[in-house]
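Worksheet: one structure, shown below.
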Amino acid sequence: MGIVVENVSKQFGSFRAVDQVNLEIQSGKLVALLGPSGSGKSTLLRLIAGLEKPDDGRIILTGKDATNQSVQERNIGFVFQHYALFKHLTVRQNIAFGLEIRKAPANKVKGRVEQLLELVQLSGLGDRYPSQLSGGQRQRVALARALAVEPSVLLLDEPFGALDAKVRKDLRAWLRRLHDEVHVTTVFVTHDQEEAMEVSDEVVVMNQGRVEQVGTPAEIYDNPATSFVMSFIGPVNVLPSSSRIFQSSQLEIEHPNVFLRPQDVVIEKSANGTTAPATVTRLIHLGWEIKVELTLDDGQVVNAHLTRDRYDELQLEPKQKVYVKPKDAKSFPLYYSI
């Protein structure tokens, strides 16, 4: 097992940032810690790194109890959101820094640096300074520097948070390919649901210092364990079980709070025995997808997402009368509002 967190808690004054967390991360996996601000994800990452010490519990890295080890003793690579590169050093010198501190032989340092420059697709830029690089390139240098010392665990704290959307998306795909090459046990913190789902092997959803659910992206999305997970992972309509849209459906609704994904709202132009009447109140064109805001006859607002092809079939317009039904939905006894 790469990382084991056993009943770990951490408190700052009266605020309990991490509350009795238990977590196992297999060696070689790429795992996302996902949650809103204040959920404890960054504190948990710092506890694994040794930058914070737990009040209770143990941290086990590659089979050894690391709870009382220093950061240096843990053999961890750490990448922050804002790069933390040395401005007065070239790209090559930044990558070599950790190896030189450890007094590695010069020929080994040179070979490792060139290998990493190629790995992070920065060959030819080794003599540039950080100020001469784009944000995406600087983050690649930070990752190369973290990998230079061949860490047993790589920790990334919102590594793409300071970048614009296009660069962030490109780097996500690149990080996934990089991980598939190096196979280092990697944990990264993010509040971006799409980022977590796209990049990771497993997602750890956190809320108020606790782990709500651990699973693959598909498991987290398709089988959420709690109303919080359902609400936090992707868009959702939250409706009472008494809503008109469920009255004629064949779905089994067990609890009073029903969660309906926009893509699971079926829109028809004519009524049948399982549909409810609704009015189109707003259309939002995103190019690849159309968002449709609907108002049911009972006043409930429901959002639907349509593919471009389905939208072209329906030819919807504002104020148009349509008929809707749920394709799938989940209900929970309690509703946690984010």
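Using N, Cα and C of the backbone, Cβ positions are placed for all residues, glycine too.
Taken straight from Swiss-Prot:
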type	residues	note
BINDING	Gly35, Pro36, Ser37, Gly38, Ser39, Gly40, Lys41, Ser42	ATP binding site
DOMAIN	3-233	domain 'ABC transporter'
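Comparing the binding-site residues Ser39, Ser42 by how many other C-beta atoms lie within 10 angstroms of each C-beta, the top residue is Ser39. Taking the mean position of the Cβ atoms of Gly35, Pro36, Ser37, Gly38, Ser39, Gly40, Lys41, Ser42 as the ATP site, the remaining residues of that chain whose Cβ falls within 8 Å of it are His191, Met206, Asn207. There are 27 other CB atoms within 10 A of the CB of Gly35 (ATP binding site), with all protein chains counted.
Taking all protein chains in view, 14 other C-beta atoms sit within 10 angstroms of the C-beta of Gly38 (ATP binding site).
Between the binding-site residues Pro36, Gly40, the minimum number of other C-beta atoms within 10 Å of a residue's C-beta occurs at Pro36. Lys41 (ATP binding site): 29 other CB atoms within 10 A of its CB, across all protein chains.
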